[in-house]
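For 25-116, 133-208, 224-310, 314-391, 397-484, 489-573, the entry in TrEMBL reads domain 'Ig-like'. Among the features that TrEMBL reports, domain 'Fibronectin type-III' is placed at 584-683, 688-785, 790-883. What TrEMBL lists as region 'Disordered' is 664-696.
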Amino acid sequence: ELMLAIHSSLFMISLHFYKSSGFGPVFEEQPVDTIYPEESPEDKIIMSCRTRANPPATYRWWLDNTEIVIGNEDDYSLMGGNLVISFPDRSKHAGNYSCLASNEFGTLVSQKASVQFGYLDMFSSDEREAVYVKEGQGAVLLCDPPPHFPEDLSFRWMLNEFPEFIPLDKRRFVSQTTGNLYISTVRASDSGNYSCFVSSPSIAKSVFSKFIPLVPIAEREKYPADIKVKSPDTYTLLGQNVTLECFALGNPIPQIRWRKVDGDLPVERHNISMSGSLLHLYDIQYEDEGLYECEADNSKGKDRHKVHLYVEAPEWVEKISSSERDIGGDYIMSCLASGKPKPHVHFLKNGRMYGKNHELRFTDLTFDDSGMYQCIAENRHGTIYANAELRVFAGAPSFEWNPVKPKLLGAKNGRVVIDCKPRAAPRPSISWSKGTELLHNSSRIFIWPDGSLELLNVTKSDEGKYTCLAENDRGRANSSGSLSVTDATKITLAPSSADISVGESARMECAASHDPTLDLTFIWSLDAHVIDRDREHYESKMVNSLLISNTQLRHAGRYSCTAQTPVDNVTVSAELVVRGPPGPPGGVRVDEVLTSSVRVTWSHGTDNLSPISKYSIQYRDVQAQQDWRDASTSPVNVEGNAEMATVINLTPWTEYEFRVIATNTLGTGPPSDPSPKITTRETRPVVAPSDIGGGGETSRELTITWMPVQPQYYYGSNFGYIIAFKPHNDPEWMRVTVTDPQARKYVHKDSKIPPSTRFEVKMKAFNSQGEGPFSISAFIYSSQDVPAEAPTIIEARTLSATEAVVSWVPLQLQTVEGYQVRYWRESVENEASAQRALVSSRENHTRLDNMKPNSHYLIEVRAYNGAGYGPASQRHKIYTKKAPPSRPPKIIGTKMNYSGTTINIAWEQVEPLANESTVEGYKVLYRPEGQPSGMLYTTVKQSIDLPMKKGDYLVEVRAHSEGGDGAVAQVRIAGKNTFTLVILSLNFYVFMHLSDDFIQSKSHFIKKKGFNRCKHCSHEADE
């Protein structure tokens, strides 16, 4: 139905006349996929469509293959070529839209664009269950986002309150696929309430979930790496960006690494972030397809995950382009597309299906073949368009755009070609004449199929006027030009060949004779490539000479000098030989691999015309990413005719690569490509762990620490440690094995270990080949026991709404290092989230702060030492006081007495709210401005008299209650070098401000001591 409607609208072109001016539609803007938020305040959607066309195009729109009738429905209107959808409704307006642009030359169909409606519902109001996790274990908090569209959500997590978002690091990760929060190793500090915060960038809306309590349970265990975030096999389009996720739980925190199994990660087009959890691939190409592996490992184990990346998209290999063709001719319009899966290709003509192949073949073109053509390639991942206009042209021959050159030149004894290329359709027949003589093909004269005239062995007798005549069934035309014959150009001085070494200079000279009426230029080239004489190494002070300075190997070759006039040219050549250091050796291979030596073989590279005198071999440790180093070899000196040598003094079980460098009398050449990587054979270790120490931590435990052996000294696989230890003077050793080569600590737990006992400890390394030597013995002490008794709380009482004090009977144990006080709100907070205070063993009381007003609190005390915490005391319950008044006093007056020695500050009574403590009085702080301390006064009244002082002062007034001090009100008292004169007369005050100088000069009139001094009176006195 769509195609019939398009066909019926086409402008019919006459077979006898074709309008050559104007052109068909060319898209400048096409509709794009649009997501309209269902809650959007905007009441319209605009789908763009704009073309360049002459005459201007008219526009129509289609929704899901049904034409939209503009004007019949209030929902749709046109604004230029753009479609405006008013009051969008999912049930009526969702679907795929296409724009059709037409003029008399044809019709184009735009790419399809969808209109979809986006939404993001609220999270469920159901409470989330608490998650209890042992410290050291991993945790996963599920987001479970609400119903939404589209799928491109972003996720963050809040802790305890908005907007406290969790910072992400190597221990915490939020999957942008599921929204889940992953914590690789839970710590006590992770305790709290978590909420998943979900944002939809497409509709600019965010929601967050109910809080999920996370409760860590104290424990000290290690767990192997366990990958929990695994990107699935991924399909992507060419040129897009892809992010692969990988995150593991485990204790210690796992290290994450990425690699491409079947190749290398794309150079400069990849980035690894979030401590390895995210692999970003940019501008995806077909070669990026393959298998990617994420590896997570810690001292307890490894885990791996592989994900396959598939690159699938249609793209053009060959596109159609606009063309003008002669009537009656043949033409092939072809387009090719590649992609996975292979795209299906078809053609539209003026918006109508025209061909289901990748090419259109036209024979005997007619005007009906003119129109707008579209090649469309599509597979399941997308559709691409290529548009072109085909015009069929017919007309009599014309030389208006391409006449025969009026003045023609030819060199004596040379060759001349005169072009004849009129515009004509059908193709015209061509004939030539000289003067009045009609020309025919001969041994010196030839008329080419394209109409050009060729003259060979030109002489002065060939000078004259030449005319080209073109004729077809629509008319005829001619064009003429005059030929003049000049003297031929000849080389008189040719450049000489030279043989030099790298760094030396060479000069080439060239000279030629030519027709004096013509300009002569010289062109120099190397191996048929024109030399830019302004570039480095080339100098040309004279046009006919060339100086090559500081010559390099690349400058060797065949140099040609071309002497050229507008009519002819002649070329001569010379060879330049450049000798230099040798090129890189090839085919470097490694065999006969032993524990500390290998044999390296290679093939000779080019000697650059100077015999190779010696070779040197370099190596590098692949894992350590070392720079290249000179290798020790056998023989020590590797002669220039050698193709192998043995590299010695290598480290066992180490991955190496090697390269070879050649030297001759002219210098040392570049290195070869690196050899394939090899690993030397294993042997037993010879290095033992160092810095052995440790001692007691937890009761009945012996902790042993050491500095691990560096990886280059493992010397083999399955590397680990053997620890031998015994009580001092005990004859029998206990032995344990630690298989983690990076481990730094071992804790031996045994209920029979006596506390504070001296132990002798020694260690050695082992691998799959055997054991190494023991280290020197070290001496450490086992741990002491945790305190066995619980303190007794003497008193716990509240001081205010947020503070309390607690005291207890100290324990008479020498092993006590201090006390821990824990307190939490009863029935509101769990014990795991309790606040803690640590107190020295010399103290038996402490102040508790940061408490909540008007709340029941539970308090307990326990002793601790290096071995851990002892039993807790009996819990003591207290009730914090109501909060202090939140409203500050309202200052209602500042009044100075007659003598100027005091000032009265008055305020209104503060009335506490229902949930606040009763006001017991007021505190007044009188302090110099800029200083934190001053005089503190207390009063139960609503006013106070304060002494006047020299300088600027601040008065701060606040209500006092059993819950603490309330909000503060502040007033500024100022007075420096200024006095207030108060005169009582006729029941009113007269205030005069006089400076010190004024008072001194007028002392005969007023006594200075009678004035009240103030710096700057900020409050007027009350009448």
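Using the three backbone atoms N, Cα and C, a Cβ is placed for every residue, glycine included.
TrEMBL labels come from automatic prediction, so no person has curated them.
Residues belonging to the domain 'Ig-like' (25-116) score a mean pLDDT of 91 in the model.
The domain 'Fibronectin type-III' (584-683) shares more Cβ pairs under 8 Å with 489-573 than with any other stretch in the list 133-208, 224-310, 397-484, 489-573. As a summary of secondary structure, the domain 'Fibronectin type-III' (790-883) carries 3 helix, 51 strand, 40 coil according to DSSP.
Across the domain 'Ig-like' (25-116), DSSP assigns 4 helix, 54 strand, 34 coil. Per DSSP, the secondary structure of the domain 'Ig-like' (489-573) breaks down as 3 helix, 42 strand, 40 coil.
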